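*Asks:* For reference, TrEMBL lists these features for the protein:
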TRANSMEM  B:6-23  transmembrane segment
TRANSMEM  B:44-65  transmembrane segment
TRANSMEM  B:85-109  transmembrane segment
TRANSMEM  B:116-137  transmembrane segment
TRANSMEM  B:157-178  transmembrane segment
TRANSMEM  B:199-220  transmembrane segment
TRANSMEM  B:275-295  transmembrane segment
TRANSMEM  B:307-326  transmembrane segment
TRANSMEM  B:346-368  transmembrane segment
Amino acid sequence: MTETEKEIVVIDVCGQICPSSLLTALREINQRKNELRDGKLQLDIITDNHDSINRIAEAVSNMGYQVSLADQGKQFRISICKTDGAIQK
Amino acid sequence: MPNQPVIIIISLLLGLCSGVIMHRSDFCIAGMFRDLFLFRSSPLLRSLLLLITISMLLFEAARLIGLLNYQLPSSLYGLPSLANLFGGVLFGVGMVLAGGCAVGTLYKLGSGNGSAFFALSGLIAGSTIFAEFHPAWKQFSASTRLADVATLPQLLSLPKPLTILPLVTIFSILLIFWQRQGMMKRPSIVKGYLQPRTAAVMLAGIVFFSFALIGMPLGLTTSYAKIGAFLENLAAPEHFATLEYFHAQGFRYYSPLAHHTLSAGAGPAWDGLSLAQFPLIIGIVGGSAASAILMGKFHISLKLPKAQIISALLGGLLMGAAARMAPSCNVWHLLGGLPLLSLQSILFTLGLLPGAWCGSKLLTRFVLKA
């Protein structure tokens, strides 16, 4: 599987009730863990909540995934993919 | 009232500072209690304990040197009853469903958060509805008195420093242990993030200044009732005239800046509470908005799933009513009353725990399906 064929799923949780970002991220990861592990999927969470970013990064790294944060002006984009996969911007 | 402009400006400044600090550190008290049950780990709750411990020391030291020796507000030193406990339970459920507490809602609103807007509307509605059942609740509160003293030292018949000292020692040992384990620091990849432990120290300072200068700890929720009362008086003046709660002036506190005791109530009049609370509220929202703008992160987001809008409104409603029943909100009790070992505040906090547990269950069952 080459990186260009990777599907990117974007979920926007800005303005939602806490802890929506973390719960949404965990739910999506659990539902699609096979695709994530196989490197077929990258999950991008768009959020504006600082603490959620810290918690998602912590929880998702502990689960063995790679996390990267991009500052996108008004919001942050947290990208989650398998450990050795390349994050696509 | 003498020195009104000074009181207003100081309250506004305290609010502005709190807004910036809370926004940068995401100091969400509702989240601290919720995560204890939802994720069985609440790193931010440790910072809250730090805040309370510092305040205990500061308040007691100030009292011993005669700085905080004036008469404290009646709702901090009122007699404990089951009303405080039940108020705490209901408040706990409400703050979790709303996604923020009485003050969390404000700093979230300042940064443009959509759910906070609905939570605040709920808070105002809930505080107003309380007036309908206030007489019955007053009776319940009087008939379920649990003690005829107001504070833990009085209950134990111990001098205040002797009750404070063991508690501060135990909390300090815990905090030092966590600090050494690296558990007081939150790993963060966000630029401009303020560590919650630093925020806790700063907020303890703010509550102390509020106590020393304004005469009471940070409080907000009576003003939510005032806004509701103002609107109800416009919409249904005849019914409004029958509501005893909005016509009483039962709250008294000594204002060091005005040099005398000010009285206040939940009615729409400009009084000793509006003077301090409205500038504080405006300050917190404004401070948080300024902080978000400086970070380039101010962003109004109102697109919310229906279930979350209902949850925020309903949570706000419960919180608003509970804050009148308790009486007072979590910020008043946790940051002001607990460090003073007020029995009312201790009961309120004990109630928050089962309340937050229940709120977490409701939230994951109906609103955010995990």
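Every residue, even glycine, has its Cβ placed from backbone N, Cα and C.
Any TrEMBL annotation is an automated prediction that lacks curation.
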*Asks:* Out of B:44-65, B:85-109, B:116-137, B:157-178, B:307-326, what stretch is closest in contact terms to the transmembrane segment (B:6-23), meaning most Cβ pairs under 8 angstroms?
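*Replies:* Most contacts with the transmembrane segment (B:6-23): B:85-109.
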*Asks:* Are there residues at least six beyond either end of the transmembrane segment (B:116-137) with Cβ under 8 Å to its Cβ atoms? List them, or say none.
*Replies:* 83, 94, 98-100, 102, 104-106, 108-109, 221-222, 224-225, 227-229, 231-232, 243-246, 266, 302, 304, 309, 312-325
*Asks:* State the non-local partners of the transmembrane segment (B:44-65) in its own chain: residues 6+ outside its ends, Cβ under 8 Å from one of its Cβ atoms.
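*Replies:* Hits for the transmembrane segment (B:44-65): 27-29, 31-33, 35-36, 160-161, 164, 167-168, 171-172, 174-175, 178, 183-184, 186, 196-197, 199-201, 203-204, 207-208, 211-212, 334-335, 338-341.
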